[in-house]
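Visitor: Here TrEMBL flags Arg148, Arg155 as site 'Required for activity'. Taken from TrEMBL, the feature N-linked glycosylation site covers Arg148.
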Amino acid sequence: MAAPTPLLKDELDIVIPTIRNLDFLEMWRPFFQPYHLIIVQDGDPSKTIKVPDGFDYELYNRNDINKILGPKASCISFKDSACRCFGYMVSKKKYIFTIDDDCFVAKDPSGKEINALEQHIKNILSPSTPFFFNTLYDPFRDGADFVRGYPFSYREGVPTAVSHGLWLNIPDYDAPTQLVKPLERNTRYVDLVMTIPKGTLFPMCGMNLTFDRELIGPAMYFGLMGDGQPIGRYDDMWAGWCIKVICDHLGLGVKTGLPYIWHSKASNPFVNLKKEYKGIFWQEEIIPFFQSATFPKGCTTVQNCYIELSKQVKEKLGKLDPYFDKLADAMVTWIEAWDELNPAKGSSKLPNGSAK
């Protein structure tokens with residue numbers, strides 16, 4: 001009997017940022033091999049990155065980024081995992097799953113290996129319920145439904161734009177928390193998926209994440225981080241705050257919870273503190289900024305919303321530090337580059353699997 005075709009096989013790309021050989025893919029082979037990989041090599045472009053045999057992939061380094069984007073390549077971070085968002089831009093598929101190269105296959109409490117990608121696909125293909133909280137969490141999971149008192153007019157839900165997965169073992173902590181809890185490990189497997197309510201922000205982690213790039217891709221910009229910037233390790237969080245306010249405005253959903261991956265190694269807390277230092281202060285201003293961000297009715301596309309957000313970043317956060325003026329300009333450059341590579345939805349109209 002032939003094996004069943006993997007879900008969304010021709011409609012999803014796996015994006016991996018890396019500076020090292022991708023031996024970790026051996027562990028993921030049963031789950032990832034049918035899919036197309038986009039590998040974004042950070043750091044020295046003359047270094048050769050080895051990819052295990054049998055994977056269908058394309059690899060981009062800094063030279064490729066400069067060649068494809070020209071002067072607009074300035075919006076892609078260097079020496080930071082934020083470089084992964086270049087992969088989102090060049091993909092021609094409807095969905096993106098992104099994972100870090102220190103993330104391994106986790107096991108559920110019964111000892112079974114977790115197919116994280118399959119769970120993400122289930123999340124993204126089922127509706128979200130951001131406007132009214134269901135106390136049984138995700139009503140679209142097998143064995144669950146809407147509880148008594150849940151308005152019938154909300155039960156259809158809205159399209160899910162983002163599925164945010166979690167991690168066992170090394171928690172995704174900031175440097176101060178890492179320093180005071182150096183031995184802490186996450187061993188709690190919580191079997192739930194929930195929609196993050198409208199009006200609620202969350203700290204998005206980019207190491208185990210899936211999104212519908214047709215619905216929210218242009219807002220999935222991981223900012224200007226790393227080399228030459230005063231801040232790092234806020235790339236995924238910046239994107240998370242941007243996508244959440246835009247999803248709220250456009251009536252799209254964000255889910256969090258399952259699937260888990262095994263996060264294998266903790267980064268150095270002292271190095272992290274240096275990268276995060278300004279962000280730890282700035283986030284106290286950034287969060288209220290996003291909490292009060294609104295969009296005019298005329299903002300009906302992700303691009304419109306993102307350009308509007310960039311203006312507000314310049315106007316309100318520019319006073320905090322000149323970095324935010326630079327970031328606001330990079331947000332505009334990112335949208336221009338996105339539209340050049342993805343003209344008027346033309347890319348999404350390509351037949352499935354036509355990207356090589």
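Cβ coordinates come from backbone N, Cα and C, glycine included.
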Visitor: What is the total of other Cβ atoms whose distance to the Cβ of Arg155 (site 'Required for activity') is within 10 Å?
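Guide: Looking across every protein chain shown, the total is 14.
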Visitor: Report, in whole Å, the straight Cα-to-Cα distance of Arg155 (site 'Required for activity') from Arg148 (site 'Required for activity').
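Guide: So the Cα of Arg155 (site 'Required for activity') lies 12 Å away from that of Arg148 (site 'Required for activity').
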